[in-house]
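What follows is a short report on a single structure.
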Amino acid sequence: MSTAINSVEMSLSADEIRERVRAAGVVGAGGAGFPAHVKLQAQVEIFLVNAAECEPMLKVDQQLMWQQAARLVRGVQYAMTATGAREGVIALKEKYRRAIDALTPLLPDGIRLHILPDVYPAGDEVLTIWMATGRRVAPAALPASVGVVVNNVQTVLNIARAVEQRFPVTRRTLTVNGAVARPLTVTVPIGMSLREVLALAGGATVDDPGFINGGPMMGGLITSLDNPVTKTTGGLLVLPKSHPLIQRRMQDERTVLSVARTVCEQCRLCTDLCPRHLIGHELSPHLLVRAVNFHQAATPQLLLSALTCSECNVCESVACPVGISPMRINRMLKRELRAQNQRYEGPLNPADEMAKYRLVPVKRLIAKLGLSPWYQEAPLVEEEPSVEKVTLQLRQHIGASAVANVAVGERVTRGQCVADVPPGALGAPIHASIDGVVSAISEQAITVVRG
């Protein structure tokens, strides 16, 4: 497919691009689902595609890049127009050779590749910006504060579809990996159940499986396979329920605190390896653990620094030698501080001279996590599955829930807007992912049955 932009799209203004992106319901596919049209309002110098995909079991972005290289480049161009960026950067790992080979001959002036090392968490937005541009984002600040806007690969592809075809977000590409018969990466209708997604991979190969939504480091425990795929579903990771990654996620907060209080060795490795601390943020997990578990005096600013934790999980899964989870403790602190409407304003200190050498090699991470027996390539399958029912959650994004604009019994078509946020509210519209009939509407979701 050519990278040449149609004359109609070339003539679109920044406002017109953002409106098409809004109407298509594009949200950040790699994170919390921040509405893309709002992010594209920032006027910056650099538009950065975060293509690191540093969670070791996920294989989505690295395969979409070579499969849809031309569309990705055009998506970057549209985003650059919307943000006024003079430079576009696609940051990806050297091991993604097929993607590099596909993208390199397509790059126009003003767009370049930046090759990242195979380390974790290279895909942490703040780390990606630092490694790809040399700019450091201050604690609690947005990337736009240093002249950068960041989106991931799937988001940029959705931007291109929205601009060129006015095609709404009705599909999600995700990886099913781990203890499954046929690991794969597949594009599915939004609203398809995770149980059906698991079946596409031939089901679990262990008798008592546990499930993680996303990658092994930052993904959350899945409590029901009846949950639907959303715009932000990162993947489906299947492991024995006895695996430490599942068992840790099953620990309640009282247990997390009790373990920390009982076995902490005061070694401060969690801080020495904290990626945010390494690039100059005040965040010091070992001091926060002390403050919470041992009721030691701590400055208000130190406690507030918990709000800057990215929850990358290096402290728990790599650094701590005795099984403490500073990340879970930070998460508890963040919840309490946000309930009090607290905000952090702290300094950006000099980066640690050893920062680049203290990031975690992914091969070492796989071994450390006990994932070597379950690590699979998960090749991309181009055929899309057909489903008989979808459950479309009304809040698949940061901001207000969308409000249904259809009624039970109404016939809808794929791509039709079935819910939208109130005028002026932060959020994104929701679109039907199959042709069918609305069978149920609740405050949380719309159900569509094929027919």
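In case you wondered, yes, glycine gets a Cβ from its N, Cα and C as well.
The following features are taken from Swiss-Prot:
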type	residues	note
BINDING	Cys264, Cys267, Cys270, Cys274	[4Fe-4S] cluster 1 binding site
BINDING	Cys309, Cys312, Cys315, Cys320	[4Fe-4S] cluster 2 binding site
DOMAIN	255-284	domain '4Fe-4S ferredoxin-type 1'
DOMAIN	300-330	domain '4Fe-4S ferredoxin-type 2'
Residue pair Cys270 ([4Fe-4S] cluster 1 binding site), Cys315 ([4Fe-4S] cluster 2 binding site) - Cα distance, angstrom, rounded: 5
Cys309, Cys312, Cys315, Cys320 screened against Cys274 ([4Fe-4S] cluster 1 binding site), Cα within 10 Å - retained binding-site residues: Cys309, Cys312, Cys315
Number of helical, extended and coil residues in the domain '4Fe-4S ferredoxin-type 1' (255-284), per DSSP: 17 helix, 0 strand, 13 coil
Under 8 Å by Cβ from Cys264 ([4Fe-4S] cluster 1 binding site), counting only residues of that chain that are 6 or more apart: Val289, Arg290, Asn293, Val322, Ile324
DSSP three-state assignment for Cys312 ([4Fe-4S] cluster 2 binding site): coil
Inter-residue C-alpha distance, Cys315 ([4Fe-4S] cluster 2 binding site) and Cys267 ([4Fe-4S] cluster 1 binding site) (nearest angstrom): 12
Cβ neighbours of Cys270 ([4Fe-4S] cluster 1 binding site) where a neighbour is any other Cβ within 10 Å: 28
[4Fe-4S] cluster 1 site shell beyond Cys264, Cys267, Cys270, Cys274, criterion: Cβ within 8 Å of Cβ centroid: Arg268, Leu269, Thr271, Asp272, Pro285, His286, Val289, Cys315, Ala319, Cys320, Ile324, Pro326
By Cα-Cα distance, the member of binding-site residues Cys309, Cys312, Cys320 nearest Cys267 ([4Fe-4S] cluster 1 binding site): Cys320
